[in-house]
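For reference, TrEMBL has these:
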- 57-385: domain 'Peptidase A1' (DOMAIN)
- Asp75: active site (ACT_SITE)
- Asp273: active site (ACT_SITE)
Amino acid sequence: MPSLEEMLRRDRLRAGYIQRMFSGATNGTRDRAQQSEATVRVPTSLGSSLSLDTLEYVITVAFGSPAATQTMLIDTGSDVSWVQCKPCPECHSQVDALFDPSSSSTYSSFSCDSAACAQLGEEGNGCSSSQQCQYIVHYGDRSSATGTYSSDMLTLGSYTISSFQFGCSHAKSGHDDKTDGLMGLGGGPQSLVSQTAGTFGTAFSYCLPPTPASTGFLTLGASSGGGADFVTTPMIRNDRIPAYYQVALEAIVVDGTQLDVPRSVFSGGSLMDSGTVVTWLPPTAYSALSSAFRARMAQYPQAPGRGALDTCFDFSGGGVPSVPPVSLVFAGGAVVKLDVGGIMLDNCLAFTANEDDNSLSIIGNVQQRTFEVLYDVGQSTVGFRAGAC
């Protein structure tokens with residue numbers, strides 16, 4: 001199992017990559033899209049609970065005919081989904097057998113002149129000698145996946161989705177966890193959400209469980225608007241970077257007291273991201289949060305930092321630590337009181353600082369734990385329902 005410090009190093013690289021993408025970009029909104037009454041729900045699990053060497057979250061699906069089980073990361077910051085496929089001389093070890101496209105009667109690869117290949121844009125990677133469309137996806141932690149862009153039957157819970165487009169990866173570099181691939185939940189045309197919008201609509205939600213022993217869910221076709229149990233905030237989209245779902249973080253509350261941080265500090269914007277582990281804040285906001293948190297944890301000795309995390313404590317005295325409540329306040333008055341398991345990671349405050357106050361904030365998966373997080377593209381809202389898993 002990689003150390004926490006190593007996993008946080010990857011987190012820093014990913015956060016920096018996302019922030020560079022947004023530097024100079026102009027925010028915009030998307031047109032409203034269709035909703036549907038069809039729904040499907042599959043369980044989500046913390047990767048470390050399955051000995052997958054990751055603090056990201058996974059679902060189990062199946063590809064092909066006959067169906068072959070694959071355990072995949074879920075990522076709201078990606079569009080192209082992929083699995084490692086035979087032959088794969090440069091792939092990492094994984095929990096399930098490599099997907100063998102030659103064993104599936106419904107598998108096909110896209111030709112280089114196909115519309116699906118052209119739609120890949122920057123993630124297109126030319127043609128193979130047999131004129132098969134090639135793709136490559138680069139991630140913020142400097143890992144990548146490359147192979148043949150393909151389609152096959154996808155089994156998702158009780159639903160089968162024909163001609164699902166995905167990457168059949170024959171080479172994977174970096175970030176060697178033991179997952180079989182990645183399922184893109186972003187807002188671009190290649191994502192699972194976009195490909196299934198005709199069946200499930202464009203609202204989806206998930207709940208990320210707080211511990212390895214607990215289970216959450218991913219729902220396609222989530223109820224539009226969420227309902228009375230949700231607090232909601234406007235969704236902000238960027239036409240130049242359609243994969244990402246942004247919100248406007250406006251304030252942070254610790255133990256009932258709002259931090260003395262001007263709203264302008266958060267003007268760089270905020271991003272919801274299931275693939276980033278901890279939350280990255282402007283330095284001014286993080287400094288105020290860290291100081292307030294330390295003051296309310298004064299009964300515990302401070303401990304050395306771990307990777308990107310520097311607000312850490314020594315809990316060797318025994319007993320369950322008494323952690324002050326933390327709430328995030330989003331535009332529209334949405335107050336999201338974090339679960340106690342969404343405040344700390346091991347013995348450290350699960351927040352860290354960006355390089356400067358102009359950088360994008362990123363709301364990581366630790367802070368999202370136990371909430372049903374609703375991405376309602378049709379209504380341009382993001383919702384939060386506490387205690388959902």
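Backbone N, Cα and C define each Cβ position, glycine as well.
Geometry remark: Asp75 (active site) versus Asp273 (active site), CA distance 7 Å. Summarising the environment of Asp273 (active site), the number of other Cβ atoms within 10 Å of its Cβ, over all protein chains shown, is 26. The Cβ of Asp75 (active site) has 23 other Cβ atoms within 10 Å, all protein chains considered.
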